[in-house]
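Down below is the structure, laid out as structure tokens.
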Amino acid sequence: MLQCKLQVLHVDFLKQDNAVSHHTWEFQTSTPVFRRGQVFHLRLVLNQPLQSYHQLKLEFSTGPNPSIAKHTVVVLDLRTPSDHYNWQATLQNESGKEVTVAVTSSPNAILGKYQLNVKTGNHILKSEENILYLLFNPWCKEDMVFMPDEDERKEYILNDTGCHYVGAARSIKYKPWNFGQFEKNVLDCCISLLTESSLKPTDRRDPVLVCRAMCAMMSFEKGQGVLIGNWTGDYEGGTAPYKWTGSAPILQQYYNTKQAVCFGQCWVFAGILTTVLRALGIPARSVTGFDSAHDTERNLTVDTYVNENGEKITNMTHDSVWNFHVWTDAWMKRPDLPKGYDGWQAVDATPQERSQGVFCCGPSPLTAIRKGDIFIVYDTRFVFSEVNGDRLIWLVKMVNGQEELHVISMETTSIGKNISTKAVGQDRRRDITYEYKYPEGSSEERQVMDHAFLLLSSEREHRRPVKENFLHMSVQSDDVLLGNPVNFTVILKRKTAALQNVNILGSFELQLYTGKKVAKLCDLNKTSQIQGQVSEVTLTLDSKTYINSLAILDDEPVIRGFIIAEIVESKEIMASEVFMSFQYPEFSIELPNTGRIGQLLVCNCIFKNTLAIPLTDVKFSLESLGISSLQTSDHGTVQPGETIQSQIKCTPIKTGPKKFIVKLSSKQVKEINAQKIVLITK
């Protein structure tokens, strides 16, 4: 009697609880998701009970044209002890025509999409349904992304909401952000990006290379990439960057259309990269540095050239200082480097400078940045200058028809302030400046700068200008409500307390947070007598000088003041720069503490315009990962002193504690945020 050949009729991936699967079943995808180094189970439905003489093999393949020779096929024999590329498979249970198999992938397995084929002799079950995604595993000690602290894993892998910090060093603002790594099509998009990238399949074992490739894929170039950057202030044909409040809509749009999304700026690039890395299993956090430098010449200094009126000379000034800059830190081991560089790595998806021919930056070890090891890969010299460069201000004077350059200010503490990230498990800011550099002014910080210059094989060409009497100058300004006059206080420190005259020249302009000039506002001149070793002079900018210019800016406005002070008697000159952003009135929201799936939830918004100007095109919007789509409410013009109320209704679709973000926007005020966490139940 002929024996019937064994055939596998169907394969099921068995669902595990989150404690075992490390939350992979939270991903809203039809494809089973597992972390490498983690056991998962299959149920094989056969055409007959399994016998001892039957052959049964599992074949996992990934990448184009997979083969054992290319290390992109893993074959596991279930009839003999099986270990291929550190993958393992064992028969767990046999019950009639059903067999349960336990598979453990290698902690060093290739990341991405796998096809599972089951072989029984000459028969192969190959089905498009037998697809799985394999991710990095920060719970696995053998994985390069292992993170030992459970609270940190919850924050940097599992938390799907968070924030960016924006504004200015003296006025840090909280900007809510929904990372949304578990949302529909987000992980599918991330896996697709792996395929679209230039990575070879075997390179996808390495989080360093994966991180670098994903960083490059965030920005659009040569027909490829997720997001188009735009710093022009003109966002026609797309979404203004400040209007985005989360990563999921961007990644979903890109995945569905295969067209780059318009538009993004640094916090948007950082937001989507943080989402992609968390989705793929790499611990990641959004980081903001204030007064962040862009050192185009890569000489570790930021050079600003001004004329005798204090106006920046744009054709000479190629470096820039951003009020703030947002990037991503990713956690991983660095076996490609000498010991001591594991842990957090800076990765910057904003397309600023090319690295090995593409727009990406990092991963750069924070340890290397802090020590000034500027040639440790990748792009440490650029990041070092970004957070710890020295700043030189040059005065360009015409003398006998020739340009003369004089260093009038050398600032060693003005770059890289208040480096910030969200605290673990809390909605508060954590200052991590110490992770990037030694305290400003300390001997260690200056030694690091000397070390970096030595590695650059470059002597410092310029020293701090020697002053007979003028010791120090700084400018302070308190943020004010939009529509009010702005006071700039110039603080002068001298060796002498004698009576002297000082000429103060202030040049003011409206600019973007990146330092790009939008409009010249005015020049202010003042001559004062000063006495005492410390004295103050105040310049006042009337609101009329900036109000009308706001209409041309579809971005958060920043006022830049460049102040030159000259002691009349000694002709000594010093200069300083100051940035000011505006404060806005807050608004209140009323939301219940709990809600239920399918039942209407009502948000009441109350806003009083305490500004001295009317607000036009006022709009409330409500967004949450717990509802299906953005909800909005339009209110037209709100006059000074007027109070408005608005109701926004939504219907929850997901259970759990969900953060509801409410935004108020207008032509004059780009965004004010309020938020509340609501517990949604069935």
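Cβ coordinates come from backbone N, Cα and C, glycine included.
Just so you know, TrEMBL annotations never went through curation; they're auto-generated.
Across the domain 'Transglutaminase-like' (258-351), the prediction's mean pLDDT works out to 94. The domain 'Transglutaminase-like' annotation in TrEMBL covers 258-351.
Of all the Cβ atoms in the protein chains shown, 26 others lie within 10 Å of the Cβ of Cys266 (active site). According to TrEMBL, the active site annotation covers Cys266 (among others).
Summarising the annotation, TrEMBL assigns active site to His325 (among others). Neighbour list (His325 (active site), Cβ cut-off 8 Å, at least 6 residues apart, same chain): Cys266, Thr288, Gly289, Ser292, Thr350, Glu386.
TrEMBL lists Asp348 (among others) with the feature active site. Proximity of Asp348 (active site) to non-local residues of its own chain (separation of 6 or more, Cβ distance below 8 Å) is seen for Cys215, Phe269, Ala270, Trp327, Thr328, Cys360, Cys361, Gly362, Asp379, Val383, given in sequence order.
Neighbour count (other Cβ atoms within 10 Å of the Cβ, all protein chains): 26 for Asn388 (Ca(2+) binding site). As annotated by TrEMBL, Ca(2+) binding site applies to Asn388, Asp390, Glu440, Glu445.
Residues in the domain 'Transglutaminase-like' (258-351) partition by DSSP class (helix H, G, I; strand E, B; coil) as 15 helix, 41 strand, 38 coil. The binding-site residues listed here are Asp390, Glu445; among them, Asp390 has the most other Cβ atoms within 10 Å of its own Cβ. In this view, Glu440 (Ca(2+) binding site) is surrounded by 15 other Cβ atoms within 10 Å of its Cβ, with every protein chain counted. Take the mean position of the Cβ atoms of Asn388, Asp390, Glu440, Glu445, the recorded Ca(2+) site; other residues of that chain with a Cβ within 8 Å of it are Gly389, Thr412, Thr413, Ile415, Gly416, Lys437, Tyr438, Gly441, Arg446, Val448, Met449.
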